[in-house]
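Below are the structure tokens for one structure; questions will follow.
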Amino acid sequence: MRHEIWNEIRQQAPLIHNITNTVVANFSANGLLAIGASPVMADAIEEVAEMTFVSDALVLNIGTLGTMTEATMIRAGQAANEAGCPIVLDPVGVGATSFRRDVVERIMRHVRVSVIRGNAGEIATLIGVDWAARGVDAGDGACEPRQLALEAAKRYGCVVAVTGKEDMVSDGHVVMEVRGGTKRMTETTGTGCLLSAVVGACLAVEKNALKATVTAMSGYAYCGELASERAEGPGDFPIHFLNALHQLTQYTIPTNRIEVSTS
């Protein structure tokens, strides 16, 4: 965890290109603005490569797949690879349908991603572990999140973050557990998707993907806890959460929230 990342985001205002789903676009954009990043939500296939070339990170989120989504994401992803731009993939609901699984497989075949961020059910699907996923929700399975993160990172050669009751991040060599968060984050749509965007912002200023991801998740969880203390319910939680993100540079996040283990 490198807390200075939050100050660097605010100083540099990195441009984060999001090809994301229609449910969360507004929340993700506001969350990025809250931490000092600059969001752009360009998803027309005619312009995504050009937009990616001028961006500092690319976030691909398959939440609401359309007929052109796959081609658009691959074109943007290849442009990012050419430009040396880090990529975050959020495989929302990948276990729900064969269509989603096939799309993610083809994206991964053509694009080198820096970080995959998903819930346990989504990551389990990617590595072929049986899991009772429910739509875009995590569902239940027998494999530990720690093992899911480690095996997925080894398979795809990138950092993998598994979020849920237990948050795990792995680069295929070490696994880092990030403690914290609140159940309220599951009662508001888009909190996971915004986390992926925040990981992208951290990657824009910190090229070590493991360090950037752990920092993003730790700060994000801490803001969730602060917002939960101030909110009366799911209606005003997003407001307090965005405020906490905006004030993140002022907080001292306890260092004992991270536990490291080797593979």
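Every residue, even glycine, has its Cβ placed from backbone N, Cα and C.
OK, Swiss-Prot features for this one:
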BINDING   MET41, GLY190  substrate binding site
BINDING   ARG117, THR163  ATP binding site
From the Cα of GLY190 (substrate binding site) across to the Cα of THR163 (ATP binding site), what is the distance in angstrom?
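Approximately 13 Å lies between the Cα of THR163 (ATP binding site) and that of GLY190 (substrate binding site).
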Take the Cβ of MET41 (substrate binding site) and count every other Cβ within 10 Å, whichever protein chain it belongs to.
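Result for MET41 (substrate binding site): 16 neighbouring Cβ atoms inside 10 Å.
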Among all protein chains shown, how many Cβ atoms are found within 10 Å of the Cβ of ARG117 (ATP binding site), not counting that one?
31
Cβ distance under 8 Å to GLY190 (substrate binding site), same chain, sequence separation 6 or more: which residues?
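In sequence order, VAL23, VAL24, PHE27, SER28 meet the Cβ cut-off.
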For THR163 (ATP binding site), list the number of other Cβ atoms lying within 10 Å of its Cβ atom.
27
